[in-house]
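Heads up: the structure comes next, in C-alpha cells.
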Amino acid sequence: MEDKFANLSLHEKTGKSSIQLNEQTGSDNGSAVKRTSSTSSHYNNINADLHARVKAFQEQRALKRSASVGSNQSEQDKGSSQSPKHIQQIVNKPLPPLPVAGSSKVSQRMSSQVVQASSKSTLKNVLDNQETQNITDVNINIDTTKITATTIGVNTGLPATDITPSVSNTASATHKAQLLNPNRRAPRRPLSTQHPTRPNVAPHKAPAIINTPKQSLSARRGLKLPPGGMSLKMPTKTAQQPQQFAPSPSNKKHIETLSNSKVVEGKRSNPGSLINGVQSTSTSSSTEGPHDTVGTTPRTGNSNNSSNSGSSGGGGLFANFSKYVDIKSGSLNFAGKLSLSSKGIDFSNGSSSRITLDELEFLDELGHGNYGNVSKVLHKPTNVIMATKEVRLELDEAKFRQILMELEVLHKCNSPYIVDFYGAFFIEGAVYMCMEYMDGGSLDKIYDESSEIGGIDEPQLAFIANAVIHGLKELKEQHNIIHRDVKPTNILCSANQGTVKLCDFGVSGNLVASLAKTNIGCQSYMAPERIKSLNPDRATYTVQSDIWSLGLSILEMALGRYPYPPETYDNIFSQLSAIVDGPPPRLPSDKFSSDAQDFVSLCLQKIPERRPTYAALTEHPWLVKYRNQDVHMSEYITERLERRNKILRERGENGLSKNVPALHMGGL
C-alpha cells in the first residue's frame, strides 16, 4: 500500500528520469545483442550487413541532406521542464527499481504503464485519474524515511513500486502529504474485485544471452570426421613419387586417365566409420542400384521423397531443393546441364569424370573460407597432386547457381591461363571440385607492404598482367563469359612451372544475360560506376568493369598493399567515397616506367567508355616490351615464398598481418 501512495507522488521529472534509465538499459541490451551477433561466423549475415551499408551509401548520394530540425524544440522542452515552478514541485526521490529479467509478461506490462503514466501526466492528472484509490490514513515514518499508507485501494493501472523519498523533518513531510491529499471523497472500493499480492520488484538485471554453439559441419552433414579434419591417409606401403603436370593448355589426357580408374564399391555397415584410414562417406542407395544418369533432371516423385525422407541421407538438408537433389540416388542435378554424385560428374554433352573420395589422400590444407576449405590431396590411381575445393551447401539457392557456373566454366575452358579441371563429386551436402594444384598459391602470398618483402617488381608484374588479360580475353571471346571477381586472391601462381592462372568463377556470368546482381564480387575492387549506381540490377555489367578490377589489382601487387589511403580502411563509406569521388590511384613514378604508369591509368579511367578493350591492352607498349623476355618467373616466385616463410618462422606466426580494408570479403 505504501507503494501505491508513493506512486501518486511521482512527478513528471521522475518519470522522465525513469524513461531515460529504461532507454539506457535498452540500449545496453541492444548493444549486447549486437556484440553477440557480430561474433557469428555466418557468411549471409556479414554479407547482408555489408550490402545494406553499400545501399545506404548509394541512397545518400542521390538524396540531399536537409538541415536537422527539432533540436531547438528539444532544447525548449528541456528548458520548460526545468523551469523554477517545476523545480519547486520536484520531490527528490530515487528512481524505482527496474523489473526482473525473468518476470512475467503481466509484470512487464504493468511496469511499462507506470513509466507511461509518470512521463506523460502531470501530478494533477495523476490525482484526477486515480478514482479507484481510497487513502484513509497516512503515517510518516521519519526513521526509515518512507511514506506508508494503512489503507489503500488497489489501482489496477499502477503496479506496486517501492519508492523511498528523502524527508528532512516531520513538518515538511506532513505538509507534502497534505498537498498530495486534497479534501475530497474517494469512491468505495468494489467488494467483488480481488487482487493477488504482487511480488516485490527486484533490481533490473540484463538478460543473459546464451551463445548456442553452431552445429559442426560434420554433424550437419552426417559425417563423423576426426578433430584434425578429413582423414584420407592410407596404410604405409610402397612410396610413390608424386607427379606434377607440365604446363599444358589442355587437361584432356588426364581426364581420360581419371575416367578409366576403378571405383572400390561395396556395402559398409557404418557409413561414417574409418576404413583403412579412409573416410567412408557413401550416400544412401549409391551402391545398391544403378546411378540415375538418364538425363540431368530428377526422377518423378522426388518432391515426395524429399518431404517424407526426414533426416535420412540428404533429405533433411535439402527438403526444399528437390529440383536439385535426387534423394534416392544421392545425386545433385542441374536440369539440362550436369549431374553430380558420389561417383563423379556427368555433363549433358556426354563427357564425364570419375573421381571419388576414396581415391584421394589428404596432404595439407591450403585455405579456408565461409563456405568450405581448399585442400591439397593426392589422387592415388594416377599419382597426381590436386587441389580440392569443398563448397558446403547452406540451403542457399544462389550457392547452387554459383556451383553450376564454376563447374561449367572449368569444364568448357581449356586454357594455359585458367586452372585445369579434373572432376567433381557430391557427398553429404558438399560439392568437391578437383582442380590443378598451383604450389605458389594466390598472388597475395608473394607481396607485402613490409620492407622485407615489398611489392612485385615491374618485369614480373607485366608477366602477371599479360597472363590475366589473356585469360579474361579467352573467357569473353571464346565462351562469352565475364569473370566479375578479378582480384589478387583469385589469381594463382606456380613456382614449379612459373605460370599464372585465373580461378574462382562462382560469380561469373554470361554476357548474353549479363544483368548484374547487386554487389557481385568483392566491393573493394568494384568499378565506381557500379558502386554509385542506384539501380545496379538494371546496369549491364560489361568487361569494362573487369578491366577496372584488373588495374586496381595490378596496382596493389606493385605497392604491396591496397592502393587507396589506409585512413579509409576502417570506414566503409569513406572507402566507397574514395573510389567514387576521389581521383584514381597511380603507380609511383620513381619505381615504375612511364609505360607501366600509362597502362594502369588506362585501366583506372573513371568513365567506363574510356577504358581500353582486352585486345588493345594486349598490344600496349608495356606488355609488348616484356612479352619476349624471360623474367624468370619460377625463380622469382620461389625466392619470394622462401623469404616469406623465413619471416614467418622467425616470428612464429602462420601468416603475415595485413591492414585489410572494411570492404574486403573472405570466401572461396
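Along the chain as shown, the residues are counted starting at 1.
Cβ from N, Cα, C; glycine included.
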Write down the residue from SER18, SER269, SER280, SER593 that Swiss-Prot flags as phosphoserine.
SER269
According to Swiss-Prot, one residue among SER68, SER166, SER273 carries the annotation phosphoserine; which one is it?
SER68
Phosphothreonine per Swiss-Prot (candidates: THR122, THR382, THR518):
THR518
Going by what Swiss-Prot says, which of SER514, SER524, SER549 is noted as phosphoserine?
SER514
Can you check which residues sit near LEU366 (ATP binding site), meaning Cβ under 8 Å from its Cβ, same chain, 6 or more apart in sequence, and list them in order?
ASN373, VAL374, SER375, LYS376, ALA387, GLY441
Mean pLDDT over the domain 'Protein kinase' (360-623): what is the value?
84
For GLY372 (ATP binding site), the three-state class that DSSP assigns:
coil
Cβ neighbour count within 10 Å of GLY372 (ATP binding site)
21
Which entry in the list of binding-site residues, HIS368, VAL374, has its Cβ near the fewest other Cβ atoms, using 10 Å as the limit?
HIS368
